[in-house]
Amino acid sequence: MPLEATRSSSQAAGLALGANSPVGIFDSGLGGLSVLRAVRAALPDERLIYVADSLYAPYGERDDDFIADRTLAIGEWLIAQGAKALVVACNTATAQSIAQARERMSVPMIGVEPGIKPAALMSQTRVAGVLATAVTLRSARFQALAERHATDCRFILQPGHGLVQAVERCDIDSPELIELLRSYIQPMLDANADTLVLGCTHYPFLDKAIRSIAGDRLALIDTSVAIARQLERQLDLHGLRAAPSHAAELPRFCSTSDGQMQQQLVASLLGLDVHVERVVIPSRRTLALES
Ligand code: DGL
(Lines of atoms letter the chains of each structure in order from A and count residues from 1; the text may use other names and numbers.)
(Lines give C-alpha, C1' and ligand atoms only; values in the text may rest on other atoms or scores of the structure.)
Protein backbone atom coordinates (compact mmCIF):
# COMPACT_ATOMS: atom_id res chain seq x y z
CA MET A 1 0.00 0.00 0.00
CA PRO A 2 1.35 3.45 -0.83
CA LEU A 3 -0.49 4.92 2.11
CA GLU A 4 -1.19 4.35 5.71
CA ALA A 5 -3.03 5.76 8.66
CA THR A 6 -3.36 5.23 12.34
CA ARG A 7 -4.97 6.63 15.44
CA SER A 8 -3.22 7.20 18.72
CA SER A 9 -4.27 5.76 22.03
CA SER A 10 -5.02 9.21 23.43
CA GLN A 11 -7.64 9.69 20.78
CA ALA A 12 -9.00 6.20 21.26
CA ALA A 13 -9.29 7.14 24.94
CA GLY A 14 -11.85 9.75 23.96
CA LEU A 15 -10.34 13.07 22.88
CA ALA A 16 -13.30 14.98 21.50
CA LEU A 17 -13.09 15.66 17.77
CA GLY A 18 -15.90 17.13 15.73
CA ALA A 19 -16.77 15.74 12.32
CA ASN A 20 -17.05 19.30 11.10
CA SER A 21 -13.55 20.23 12.22
CA PRO A 22 -11.06 20.75 9.40
CA VAL A 23 -8.54 18.31 7.96
CA GLY A 24 -4.96 19.61 8.16
CA ILE A 25 -2.74 19.03 5.11
CA PHE A 26 0.91 19.99 5.07
CA ASP A 27 4.06 19.78 3.03
CA SER A 28 7.51 21.31 3.01
CA GLY A 29 6.09 23.69 0.44
CA LEU A 30 3.72 23.77 -2.50
CA GLY A 31 3.82 20.09 -3.51
CA GLY A 32 1.05 19.11 -1.14
CA LEU A 33 -1.33 21.25 -3.20
CA SER A 34 -1.44 18.32 -5.64
CA VAL A 35 -2.80 16.25 -2.74
CA LEU A 36 -5.17 19.01 -1.61
CA ARG A 37 -6.58 19.15 -5.15
CA ALA A 38 -7.40 15.41 -5.02
CA VAL A 39 -8.86 15.69 -1.49
CA ARG A 40 -11.14 18.55 -2.52
CA ALA A 41 -12.37 16.55 -5.51
CA ALA A 42 -13.05 13.42 -3.45
CA LEU A 43 -14.32 15.06 -0.25
CA PRO A 44 -15.96 18.37 -1.19
CA ASP A 45 -17.69 18.72 2.18
CA GLU A 46 -14.49 18.68 4.20
CA ARG A 47 -13.03 21.91 5.54
CA LEU A 48 -9.30 22.04 4.85
CA ILE A 49 -6.29 23.90 6.26
CA TYR A 50 -3.12 23.75 4.19
CA VAL A 51 0.33 24.65 5.50
CA ALA A 52 3.31 25.08 3.20
CA ASP A 53 6.57 25.24 5.16
CA SER A 54 8.11 27.12 2.24
CA LEU A 55 10.45 29.11 4.45
CA TYR A 56 12.31 25.87 5.19
CA ALA A 57 11.85 23.99 1.88
CA PRO A 58 13.29 21.87 0.49
CA TYR A 59 13.27 19.25 3.22
CA GLY A 60 15.14 16.92 0.87
CA GLU A 61 18.30 18.93 1.51
CA ARG A 62 17.83 18.95 5.32
CA ASP A 63 19.05 16.55 7.99
CA ASP A 64 16.70 13.96 9.53
CA ASP A 65 16.34 15.76 12.87
CA PHE A 66 15.32 18.99 11.13
CA ILE A 67 12.59 17.23 9.14
CA ALA A 68 11.25 15.49 12.26
CA ASP A 69 11.33 18.77 14.20
CA ARG A 70 9.30 20.58 11.53
CA THR A 71 6.85 17.68 11.02
CA LEU A 72 6.06 17.60 14.74
CA ALA A 73 5.77 21.38 15.05
CA ILE A 74 3.45 21.76 12.05
CA GLY A 75 1.34 18.76 13.05
CA GLU A 76 0.89 20.18 16.55
CA TRP A 77 0.12 23.63 15.15
CA LEU A 78 -2.61 22.19 12.92
CA ILE A 79 -4.10 20.26 15.83
CA ALA A 80 -4.11 23.49 17.85
CA GLN A 81 -6.08 25.05 14.95
CA GLY A 82 -8.68 22.30 15.45
CA ALA A 83 -7.60 19.71 12.84
CA LYS A 84 -9.43 16.38 13.26
CA ALA A 85 -7.03 14.49 10.97
CA LEU A 86 -3.68 15.19 9.34
CA VAL A 87 -2.38 14.44 5.87
CA VAL A 88 1.40 14.53 5.71
CA ALA A 89 1.41 15.44 2.01
CA CYS A 90 5.16 15.04 1.78
CA ASN A 91 6.98 11.82 0.94
CA THR A 92 10.14 13.09 2.59
CA ALA A 93 8.48 13.92 5.93
CA THR A 94 6.51 10.67 5.87
CA ALA A 95 9.59 8.58 5.11
CA GLN A 96 11.68 10.26 7.73
CA SER A 97 9.36 11.09 10.61
CA ILE A 98 5.79 9.82 10.48
CA ALA A 99 6.46 7.01 12.96
CA GLN A 100 7.72 9.53 15.51
CA ALA A 101 4.87 11.94 14.74
CA ARG A 102 2.28 9.25 15.28
CA GLU A 103 3.53 8.67 18.80
CA ARG A 104 2.87 12.32 19.60
CA MET A 105 -0.25 13.23 17.60
CA SER A 106 -3.74 12.67 18.89
CA VAL A 107 -5.55 12.47 15.52
CA PRO A 108 -5.55 10.05 12.57
CA MET A 109 -2.52 10.68 10.35
CA ILE A 110 -2.31 9.78 6.70
CA GLY A 111 1.14 9.61 5.17
CA VAL A 112 2.28 9.25 1.60
CA GLU A 113 4.92 7.11 0.01
CA PRO A 114 6.13 6.58 -3.55
CA GLY A 115 3.84 4.39 -5.68
CA ILE A 116 6.26 1.49 -5.94
CA LYS A 117 3.54 -1.14 -5.70
CA PRO A 118 1.35 0.25 -8.50
CA ALA A 119 4.47 0.68 -10.64
CA ALA A 120 5.47 -2.96 -10.10
CA LEU A 121 1.93 -4.04 -11.00
CA MET A 122 1.80 -1.86 -14.09
CA SER A 123 5.20 -2.04 -15.75
CA GLN A 124 5.29 -4.22 -18.85
CA THR A 125 9.02 -3.91 -19.43
CA ARG A 126 9.68 -4.62 -15.71
CA VAL A 127 11.84 -1.50 -15.52
CA ALA A 128 10.51 1.54 -13.66
CA GLY A 129 12.08 4.85 -12.75
CA VAL A 130 11.60 6.44 -9.33
CA LEU A 131 12.10 10.17 -8.94
CA ALA A 132 12.09 11.28 -5.28
CA THR A 133 14.14 13.34 -2.87
CA ALA A 134 17.46 11.96 -1.68
CA VAL A 135 16.07 11.76 1.88
CA THR A 136 13.13 9.64 0.74
CA LEU A 137 15.31 7.31 -1.33
CA ARG A 138 17.78 6.70 1.47
CA SER A 139 15.13 6.21 4.19
CA ALA A 140 14.65 2.81 5.78
CA ARG A 141 10.92 2.99 4.98
CA PHE A 142 11.57 3.43 1.27
CA GLN A 143 14.26 0.74 1.19
CA ALA A 144 11.85 -1.73 2.79
CA LEU A 145 9.09 -0.76 0.34
CA ALA A 146 11.37 -1.15 -2.67
CA GLU A 147 12.67 -4.51 -1.44
CA ARG A 148 9.11 -5.83 -1.13
CA HIS A 149 8.34 -5.09 -4.77
CA ALA A 150 11.69 -5.35 -6.51
CA THR A 151 11.71 -9.11 -6.91
CA ASP A 152 10.83 -9.13 -10.60
CA CYS A 153 10.88 -5.42 -11.40
CA ARG A 154 13.98 -3.26 -11.63
CA PHE A 155 13.68 0.21 -10.12
CA ILE A 156 16.01 2.98 -11.25
CA LEU A 157 16.27 5.38 -8.31
CA GLN A 158 16.98 9.01 -9.16
CA PRO A 159 17.16 11.84 -6.61
CA GLY A 160 15.42 14.88 -8.08
CA HIS A 161 17.96 17.50 -6.94
CA GLY A 162 16.74 20.98 -7.85
CA LEU A 163 13.18 20.01 -8.80
CA VAL A 164 11.47 21.04 -5.54
CA GLN A 165 13.26 24.39 -5.68
CA ALA A 166 12.01 24.91 -9.25
CA VAL A 167 8.37 24.23 -8.32
CA GLU A 168 8.72 26.47 -5.24
CA ARG A 169 9.54 29.37 -7.56
CA CYS A 170 6.70 28.29 -9.90
CA ASP A 171 9.12 27.21 -12.60
CA ILE A 172 7.47 24.22 -14.26
CA ASP A 173 8.59 24.64 -17.86
CA SER A 174 11.76 26.75 -18.28
CA PRO A 175 14.45 25.44 -20.69
CA GLU A 176 16.82 24.98 -17.70
CA LEU A 177 14.26 22.90 -15.86
CA ILE A 178 13.56 20.75 -18.94
CA GLU A 179 17.30 20.10 -19.33
CA LEU A 180 17.62 19.14 -15.66
CA LEU A 181 14.65 16.80 -15.95
CA ARG A 182 16.04 15.33 -19.15
CA SER A 183 19.28 14.45 -17.36
CA TYR A 184 17.21 12.42 -14.88
CA ILE A 185 14.74 10.83 -17.29
CA GLN A 186 16.77 10.04 -20.39
CA PRO A 187 18.84 7.32 -18.63
CA MET A 188 15.56 5.70 -17.55
CA LEU A 189 14.28 5.73 -21.13
CA ASP A 190 17.61 4.34 -22.34
CA ALA A 191 17.21 1.49 -19.83
CA ASN A 192 13.76 0.73 -21.32
CA ALA A 193 11.69 1.97 -18.38
CA ASP A 194 7.98 2.32 -19.20
CA THR A 195 6.81 3.66 -15.83
CA LEU A 196 7.89 6.61 -13.70
CA VAL A 197 7.00 6.93 -10.03
CA LEU A 198 6.55 10.56 -8.98
CA GLY A 199 7.85 10.03 -5.45
CA CYS A 200 7.52 13.63 -4.30
CA THR A 201 4.29 15.60 -4.16
CA HIS A 202 5.92 18.52 -5.98
CA TYR A 203 6.53 16.45 -9.11
CA PRO A 204 2.94 16.12 -10.45
CA PHE A 205 3.30 19.82 -11.35
CA LEU A 206 6.06 18.77 -13.74
CA ASP A 207 3.89 16.30 -15.68
CA LYS A 208 3.78 18.44 -18.84
CA ALA A 209 7.54 18.97 -18.73
CA ILE A 210 8.08 15.21 -18.31
CA ARG A 211 5.70 14.52 -21.21
CA SER A 212 7.66 16.94 -23.38
CA ILE A 213 10.72 14.72 -22.82
CA ALA A 214 9.25 11.22 -22.67
CA GLY A 215 6.05 11.56 -24.72
CA ASP A 216 3.88 8.53 -23.96
CA ARG A 217 6.78 6.23 -23.23
CA LEU A 218 6.39 6.57 -19.45
CA ALA A 219 3.24 5.97 -17.43
CA LEU A 220 3.36 8.47 -14.56
CA ILE A 221 2.43 7.20 -11.09
CA ASP A 222 1.02 9.91 -8.82
CA THR A 223 -0.66 8.70 -5.62
CA SER A 224 -2.69 11.81 -4.75
CA VAL A 225 -6.05 10.26 -5.66
CA ALA A 226 -5.21 7.16 -3.59
CA ILE A 227 -4.26 9.41 -0.65
CA ALA A 228 -7.65 11.14 -0.84
CA ARG A 229 -9.37 7.75 -0.81
CA GLN A 230 -7.33 6.67 2.19
CA LEU A 231 -8.31 9.85 4.02
CA GLU A 232 -11.96 9.14 3.20
CA ARG A 233 -11.65 5.60 4.62
CA GLN A 234 -10.01 6.85 7.80
CA LEU A 235 -12.61 9.57 8.35
CA ASP A 236 -15.38 7.01 7.88
CA LEU A 237 -13.67 4.55 10.18
CA HIS A 238 -13.48 7.13 12.96
CA GLY A 239 -16.90 8.68 12.37
CA LEU A 240 -15.25 11.95 11.35
CA ARG A 241 -16.80 12.64 7.92
CA ALA A 242 -18.17 16.16 7.62
CA ALA A 243 -21.90 16.61 7.17
CA PRO A 244 -22.93 17.65 3.64
CA SER A 245 -24.12 21.05 4.85
CA HIS A 246 -20.52 22.14 5.26
CA ALA A 247 -19.88 22.12 1.51
CA ALA A 248 -18.26 24.79 -0.63
CA GLU A 249 -16.03 26.41 1.99
CA LEU A 250 -12.69 27.52 0.58
CA PRO A 251 -9.62 25.91 2.16
CA ARG A 252 -7.58 28.03 4.52
CA PHE A 253 -4.15 28.46 2.94
CA CYS A 254 -1.13 29.19 5.15
CA SER A 255 2.56 29.59 4.48
CA THR A 256 5.63 30.09 6.65
CA SER A 257 7.03 32.34 3.90
CA ASP A 258 5.31 35.28 2.21
CA GLY A 259 2.86 33.01 0.37
CA GLN A 260 3.12 34.75 -3.00
CA MET A 261 4.15 31.65 -4.94
CA GLN A 262 1.44 29.66 -3.19
CA GLN A 263 -1.16 32.22 -4.22
CA GLN A 264 0.05 31.96 -7.81
CA LEU A 265 0.01 28.16 -7.88
CA VAL A 266 -3.39 27.94 -6.16
CA ALA A 267 -4.76 30.29 -8.83
CA SER A 268 -3.31 28.33 -11.74
CA LEU A 269 -3.76 24.83 -10.33
CA LEU A 270 -7.02 25.10 -8.44
CA GLY A 271 -8.49 28.12 -10.18
CA LEU A 272 -8.98 29.82 -6.80
CA ASP A 273 -8.25 33.41 -6.00
CA VAL A 274 -7.28 33.22 -2.33
CA HIS A 275 -5.41 35.06 0.34
CA VAL A 276 -2.50 33.09 1.79
CA GLU A 277 -1.93 33.71 5.50
CA ARG A 278 1.63 34.04 6.66
CA VAL A 279 2.01 31.94 9.81
CA VAL A 280 4.84 31.56 12.30
CA ILE A 281 5.36 27.98 13.47
CA PRO A 282 8.37 27.94 15.74
CA SER A 283 10.29 24.75 16.40
CA ARG A 284 13.44 23.81 18.27
CA ARG A 285 15.63 23.80 15.16
CA THR A 286 14.28 26.98 13.59
CA LEU A 287 14.56 28.88 16.87
CA ALA A 288 18.19 27.76 16.97
CA LEU A 289 18.68 29.02 13.39
CA GLU A 290 17.29 32.43 14.29
CA SER A 291 19.20 32.94 17.54
N1 DGL B 1 6.81 17.50 -1.48
C2 DGL B 1 7.91 16.94 -0.74
C3 DGL B 1 7.93 15.44 -0.93
O4 DGL B 1 6.90 14.87 -1.29
C5 DGL B 1 9.18 17.66 -1.08
C6 DGL B 1 10.26 17.48 -0.09
C7 DGL B 1 11.30 18.56 -0.09
O8 DGL B 1 10.97 19.67 0.32
O9 DGL B 1 12.43 18.28 -0.47
O10 DGL B 1 8.91 14.77 -0.71
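Any Cβ shown, glycine's included, is placed from N, Cα and C.
Sequence annotations record features per position, and here TrEMBL assigns substrate binding site to D27, S28, Y59, G60, N91, T92, T201, H202. Per TrEMBL, active site, proton donor/acceptor is recorded for C90, C200.
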Quiz item: Near G60 (substrate binding site), which residues of its own chain have a C-beta under 8 A away, given they sit six or more steps off in sequence?
Solution: S28, T92, T133, A134, V135, T136, P159, G160, H161, V164, C200
Quiz item: Which residues, same chain and not among D27, S28, Y59, G60, N91, T92, T201, H202, have a CB within 8 angstroms of the centroid of the CB atoms at the recorded substrate site?
Solution: G29, G31, G32, A57, P58, C90, A93, T133, T136, V164, C200
Quiz prompt | Cβ neighbours of H202 (substrate binding site) where a neighbour is any other Cβ within 10 Å | solution = 30
Quiz prompt | Nearest-integer angstrom distance between the alpha carbons (Cα) of Y59 (substrate binding site) and C90 (active site, proton donor/acceptor) | solution = 9
Quiz item: When you look at D27, S28, Y59, G60, N91, T92, T201, H202, which the record names as binding substrate, what is the longest CA to CA distance in angstrom?
Solution: 12
Quiz item: Sorted by position, what residues of the same chain at least six away from C90 (active site, proton donor/acceptor) have a C-beta under 8 A from it?
Solution: F26, D27, S28, G31, G32, Y59, V112, T201
Exercise. Reduce the DSSP letter at T92 (substrate binding site) to three states and note it down.
Key: helix
Exercise. Quick one: give me the count of other CB atoms within 10 A of the CB of T201 (substrate binding site).
Key: 31
Quiz item: When you measure from the Cβ of N91 (substrate binding site), which residues in the chain that are at least 6 apart have a Cβ under 8 Å away?
Solution: V112, E113, P114, A132, T133, T136, G199, C200, T201
